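Undergrad: Pasting the relevant annotations from TrEMBL:
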TRANSMEM  6-29  transmembrane segment
DOMAIN    18-260  domain 'G-protein coupled receptors family 1 profile'
TRANSMEM  36-64  transmembrane segment
TRANSMEM  70-93  transmembrane segment
TRANSMEM  113-138  transmembrane segment
TRANSMEM  158-177  transmembrane segment
TRANSMEM  209-228  transmembrane segment
TRANSMEM  240-262  transmembrane segment
Amino acid sequence: VSPWDIALCATGTAVAGENALVLAVLFYTPSLRAPMFLLIGSLALADLLAGLGLVANFAVRYLLRPPREAAELAAAGLLLAAFSASVCSLLAITVDRYLSLYNALTYHSERTLGFTCAMVLLMWLLCLGVGLLPLLGWNCLRDQSACSILRPVTKDNAAVLAVTFLLLFALMMQLYLQICKIAFRHAQQIAVQHQFIATAQATSTRKGLSTLSLILGTFALCWIPFAIYSLVADSSYPAVYTYSLALPATCNSLINPIIYAFRNPDIQKSLWLACCGCIPSTFSSRPRTSSDV
């Protein structure tokens, strides 16, 4: 048994457990029904399935004897669908944050729960379609020379996935830059209206910039190296290179709940209530502002 596969399986188990906790909090807390929390739930569900996909891939490879072709394709399809949904959910959260600042006055009337549900459903149908591709014949099991590092995905399909991912990341970066500009402008307007001292404005904007850097930096460090490697490498490259880049990419699903869920004040309150039935007196009740990004 490869230690890399054991590490991926262990990571998948941790990812599944952590994101299951997020889903449980969202499901059992009636107050967390806003469109923003639906998008966070979509991200948690995608990462939960990604974790289960890693465990299933390990089981198919080492526990199922002899390995079944259909099982291998199904595990690969689950991973494709889950990670596609994870990236798309991150993009949807980015778009939602941008619209909440750009159309602050009409956001709550336009972005209803029903509209968000429809968009999330459409996104998941698209990602499930991507996950079905290996089962529909888009695989290299009949021609091993056509395999990419993402076996059983072919080299051409892996290149398409990598380019699509890089384009989505470029779109996310552009949106977050616009978010930062709008947040900085809002902070300036609030400072003028309330005659805050300059340090207060600088502190608020600096916090927004740190959050922006955390989101983009984590996502880029986890996924960009693997995406570029998938674009240029093929199955003849040493497997250790693939494992060493795939493991950080899967760890992004372990980090997502910390960035998008556990740092949210409303989810923090629900966790404290679920764990100990109380909210600490030191818990900050300050509402989030546009400068927090």
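Just so you know, the numbers here start at 1 and follow the chain as drawn.
Cβ atoms here come from the backbone N, Cα and C positions, even for glycine.
A TrEMBL annotation is a machine prediction, not a hand-curated record.
Quantities reported herein were computed from a predicted structural model and do not represent experimental measurements.
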Undergrad: Counting only residues 6 or more past its boundaries, what in the same chain has a CB within less than 8 Å of a CB in the transmembrane segment (209-228)?
TA: 87, 90, 162, 165-166, 169, 172-173, 176, 179-180, 245-246, 248-249, 251-252, 255, 259, 292-293
Undergrad: Could you tell me whether the transmembrane segment (6-29) and the transmembrane segment (70-93) are in contact, taking contact to mean 3+ Cβ pairs under 8 Å with a sequence separation of 6 or more?
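TA: As far as Cβ distances go (cut-off 8 Å, pairs 6 or more apart), the transmembrane segment (70-93) and the transmembrane segment (6-29) do not touch.
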